[in-house]
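Visitor: I have a structure I would like to understand better, so I am pasting it below and will then ask my questions one at a time.
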């Protein structure tokens, strides 16, 4: 039963007082932490000038009071957009900027560290070399890295990379770059390039429209070297969610596929991941068109993905990639592009692409019905009234594919997502979109949820914006495969079958890389139980969180971003009040 709520109404529950916005966004919204206010999805910034003795920050956003669901402790909005729609103008869920005190209004020094959502004292114990450039181990097998996180013991940032590392001259003499992403802070992004590269041409691939696009273009007015290419989003509620860097050097070419937005907050207090390619050398003049291909056909698939944009701005980059040798690549590309696909094209994109790769490049494992599937993500879309509608149907069949086995077992599925108040959600909760409107309709999903815990990487309290999927042995020591991707748990990202399974529909652009043991001359990947500090003596895969995952307790609730937690501060003493 739904009760009508007046515009000034708020309710008490075990979450505290809360009110609800009318937005039901599935995808990432720029969080209210540590950003400059320049992003196309940001309308406010929290003040970070509080002294160490300041009381916990309270985040508030403009929100309409709508309908209340009786007996659930949750309120319902009048907006229930299909598959987690993302509105271009979704300021309703964003927090207001806390007013600065007059005595704190002053220009920041250029060398000042970026603001922390935990106050300036959060940086006191930060090591001085946090922003110093470093290079990964040259003998690294997997080329999979986590980002640096402020406030950690130094050992947990060894081998981790900051955006300044990725753009460092230590990796090459940059000539031009392309930045594919969802959220941008152009001024901040430009400052991450070393001074000698700061005016090199940058092409931004984005999905913004109308007012959001106008704001993005306005950001770039002071930077004439920054150009834009708008990705075509022809299906409603789709997003350009891919996060990739193409870097063209005097010495060659490099690809980086990652999970971080190009905003300040994503690079300091969150857990992010990335795959960084080797430096691809230029092919000799006159090389045949098929030259420089890898055993995983990464070059072909990357070119096909770029061609799917149908963008003249990318043509010169397509030609450049053709002129380079990508043969050292050992991962497979898994991409999504918007469209409805039939016949053989159904296996080009989304989860059916993943299914095809697992079918062709993995092998059946004895007792595979006991090998759990783990999915870890930051955002959740609408998946239907029960598990059979998508998750335990077509998506589970994809995730449980191992080689050409005719078996389709139903192993355990563990979904890892932050539960209420386990980390600094009151600062970064906007980056974990799961609306009350969607959660209310799929309570069955919550029995799959497991806690985010990452003691092995020192990141238990660094909000996980990373997205990973994997198949793990029953004793959690081996991997049958591992995927890092931009794709959250949604049909919009992964695609959904239609018309009696004769067609698949994908709404969004997504991109990730798949690791399979056969490409590394292994039967399975051993899991590195102590990935930090980085050591050259291990051949294990650095899974970014602790295994086995821990199920939610009866008291645990998934983080819901559009209800208030005013009476339950997070681990840093801060509260979330979207009202």
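Every residue number used here counts from 1 along the chain in the order it is shown.
Glycine too: its Cβ is placed from the backbone N, Cα and C atoms.
Note that the coordinates shown come from a computational prediction; the quantities given were computed from them, not determined experimentally.
Quick paste of what TrEMBL says about this protein:
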type: ACT_SITE; residues: 241; note: active site, nucleophile
type: ACT_SITE; residues: 465; note: active site, proton donor/acceptor
type: BINDING; residues: 243, 467; note: substrate binding site
type: COMPBIAS; residues: 1-10; note: compositional bias 'Polar residues'
type: COMPBIAS; residues: 33-56; note: compositional bias 'Polar residues'
type: COMPBIAS; residues: 100-115; note: compositional bias 'Basic and acidic residues'
type: REGION; residues: 1-122; note: region 'Disordered'
type: SITE; residues: 490; note: site 'Interaction with DNA'
Visitor: Highest CB neighbour count within 10 A among the recorded positions 241, 243, 465?
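Guide: For the recorded positions 241, 243, 465, the Cβ with the most other Cβ atoms within 10 Å is 241.
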Visitor: Please report the number of other Cβ atoms within 10 Å of the Cβ of residue 467 (substrate binding site).
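Guide: Neighbour count, Cβ to Cβ under the 10 Å cut-off: 24.
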Visitor: How many Å separate the Cα atoms of residue 465 (active site, proton donor/acceptor) and the residue listed as 'active site, nucleophile'?
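Guide: The separation of the Cα atoms works out to 13 Å.
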Visitor: Can you count the other CB atoms that lie within 10 A of the CB of residue 490 (site 'Interaction with DNA')?
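Guide: Neighbour count, Cβ to Cβ under the 10 Å cut-off: 28.
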Visitor: Cα distance, residue 490 (site 'Interaction with DNA') to residue 243 (substrate binding site), nearest Å?
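Guide: Cα to Cα, residue 243 (substrate binding site) and residue 490 (site 'Interaction with DNA') are separated by 17 Å.
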Visitor: What is the separation, in Å, between the Cα atoms of residue 490 (site 'Interaction with DNA') and residue 467 (substrate binding site)?
Guide: 12
Visitor: Measuring Cα to Cα, how many Å separate residue 241 (active site, nucleophile) from residue 467 (substrate binding site)?
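Guide: Counting only the Cα atoms, the answer is 12 Å.
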